[in-house]
């Protein structure tokens, strides 16, 4: 079971990388965020977050991918505002039970621990949305990837959107119903890879086969690397949308470049993460600084 979980985490990491890189070409920078936002109000925020993240990854390497995925899911549903962290209440339905999130996103306990320790250092100062951004950066660095200066100053939302979260892309694993046609009908797929996936995804529709899941790649590293792109070149993309990135189209050259040039891949990834972090942040007097990342203050 541990091997499967690790594989899913690695897969999600690589898919997030792929999608995040594409963000480079869209979106506007937020001038209200800055890398030194907490330099006076909470100078120990970076060391505090890093300490908890490092400990969590040491105990369970998959936590790195989980924390990066949380930041991704947060930003792509109405902006980077910490909404993904809110628990359901009797009168409020958050984003955790959305289709793409349910059973897929984790790491909430790590965020809770970070928030608790940051609150002891500087109560009511650092937002949960910013904690996600810092934790994502630290996760990438700890797992061997690049480091960058995180722009901060986001505030937390007072609401969430289950509807918007249900429109987000499922990351990390896919159900048999999603990739069945690809492994049985497509020509641009490695035959041995297709056969491996066919072993757990029957050709006939219906339960329980429809609910069988598979990782988005066959690798099981807990390191940050460019294997996702190498798999695409070998025609081992599980989803048609994945393989479409390397299928004789305009993105072929980018996939080839990233598969061979780690330096360029890292550079573009950093730019993408910064761009993603700029998506619709709440600043100034908008939103709030949650005391508990799982619930609004009032």
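Placement of Cβ uses the backbone N, Cα and C atoms for every residue, glycine included.
What TrEMBL records for this protein:
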type: SIGNAL; residues: 1-31; note: signal peptide
type: DOMAIN; residues: 32-297; note: domain 'Plant heme peroxidase family profile'
type: DISULFID; residues: 42-122; note: disulfide bond
type: SITE; residues: 69; note: site 'Transition state stabilizer'
type: ACT_SITE; residues: 73; note: active site, proton acceptor
type: BINDING; residues: 74, 77, 79, 81, 83, 95; note: Ca(2+) 1 binding site
type: DISULFID; residues: 75-80; note: disulfide bond
type: DISULFID; residues: 128-293; note: disulfide bond
type: BINDING; residues: 169; note: heme b binding site
type: BINDING; residues: 170, 217, 220, 225; note: Ca(2+) 2 binding site
type: DISULFID; residues: 176-201; note: disulfide bond
Recorded positions near residue 79 (Ca(2+) 1 binding site) (Cα-Cα within 10 Å), from 42, 73, 201: 73
Residue 95 (Ca(2+) 1 binding site) to residue 73 (active site, proton acceptor) - Cα separation in whole Å: 9
Shortest C-alpha distance to residue 201 (disulfide bond) - which of the recorded positions 42, 75, 83: 75
Long-range Cβ environment of residue 42 (disulfide bond), under 8 Å and at least 6 residues apart: 118, 121, 122, 125, 126
Using Cα positions only, nearest of the recorded positions to residue 176 (disulfide bond) (69, 75, 80, 81, 225): 69
The one of 77, 122, 293 whose CB sees the fewest other CB atoms within 10 Å, among these recorded positions: 122
Inter-residue Cα distance where the pair is residue 75 (disulfide bond) and residue 293 (disulfide bond), in Å: 15
Alpha-carbon spacing, residue 75 (disulfide bond) to residue 83 (Ca(2+) 1 binding site), which is rounded to whole Å: 9
Rounded distance in angstrom between the Cα atoms of residue 81 (Ca(2+) 1 binding site) and residue 128 (disulfide bond): 8
Rounded Cα separation (Å) that holds between residue 225 (Ca(2+) 2 binding site) and residue 73 (active site, proton acceptor): 21
Local confidence of the prediction over the domain 'Plant heme peroxidase family profile' (32-297), expressed as mean pLDDT: 87
Residue 83 (Ca(2+) 1 binding site) and residue 128 (disulfide bond), distance between Cα atoms, whole Å: 9
Among 74, 81, 95, 225, which are binding-site residues, the residue with the most C-beta atoms within 10 angstroms of its C-beta: 74
